[in-house]
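Note sheet for the following structure.
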Ligand code: SAM
């Protein structure tokens, strides 16, 4: 019998441990184990991987990850009420689940996991974007993770995979697509969760590229993109004025008309501009 079969259904787990969802912790639980198994499969072959899971809650996805063969799972949960339910899962999968009670923003996963590492999570909405940006902007590349399989509000998922020219195209799309391959692999209606949130959700799968798609200095690229999209309706010669006194020349050097707006510029253009700015700054 697999470990999964020995564990009670999640509705029972919720009732036994009185896990009424708390809004402040972004708690919308997945109680359908077929669904959590499907999300775990979307993470790819985990059999020789350690997995970081943020916010396991009552452990539906945790069970999916372990049943799908993850080597080890490190689950970081802020809500101490969930710990007894998670301890039952750890007992069913001896030596394969480590649970840390704490804030995922303050835990270094490398202190607990051995590469190769995948990240999989039904993220709390209040810190989802912040965690993603952190994972996409480490000091060194490649990052500690090989893939991220993450549930977001659908609107955020669309911003991650957006193409130039679309309303949702911006900083998140550029950060994600510069150094990873990102796609939406599943869309879920509110009713998939307990309690149901107001909006639909989507799972995004990101695979880390060994090298950035186009060369650029990460800091300068982030600076350019942040400024360009802070004032997304302005022409780039205006929104980027503070970056360099000769910004119009540098935009032209990068093949961008100074009168264009941020949402028209593909990733390659922003990288070319970051290189032109780096060269101009180095020349003094
Ligand atoms: N993974 C579970 C599932 O799919 O049913 C729960 C997902 S629920 C959307 C988000 C979970 O993240 C909750 O269990 C919540 O307590 C936890 N959480 C919220 N903020 C957190 C933080 N800063 N660090 C770690 N866990 C957090």
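Glycine is treated like the rest: Cβ placed from N, Cα and C.
Remember, it's a predicted structure, so these values are computed and weren't measured experimentally.
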Among 12, 77, 88, 130, which residue does TrEMBL annotate as binding S-adenosyl-L-methionine together with 28, 30, 55, 103, 122?
77
How does the model score the domain 'Ribosomal RNA adenine methylase transferase N-terminal' (35-210) in terms of mean pLDDT?
97
Counting other CB atoms within 10 A of each CB, which of the binding-site residues 77, 103 comes out lowest?
103
Given the binding-site residues 28, 122, and counting only Cβ atoms in the protein chains shown, which has the most within 10 Å of its Cβ?
122
If one looks at the chain holding residue 30 (S-adenosyl-L-methionine binding site), which residues at least 6 apart in sequence have a CB under 8 angstroms from its CB?
36, 39, 60, 61, 122, 192, 193, 194
Far apart in sequence but close in space: which same-chain residues, 6 or more away, have a Cβ under 8 Å from residue 55 (S-adenosyl-L-methionine binding site)?
26, 76, 77, 78, 104, 121, 122, 123, 124
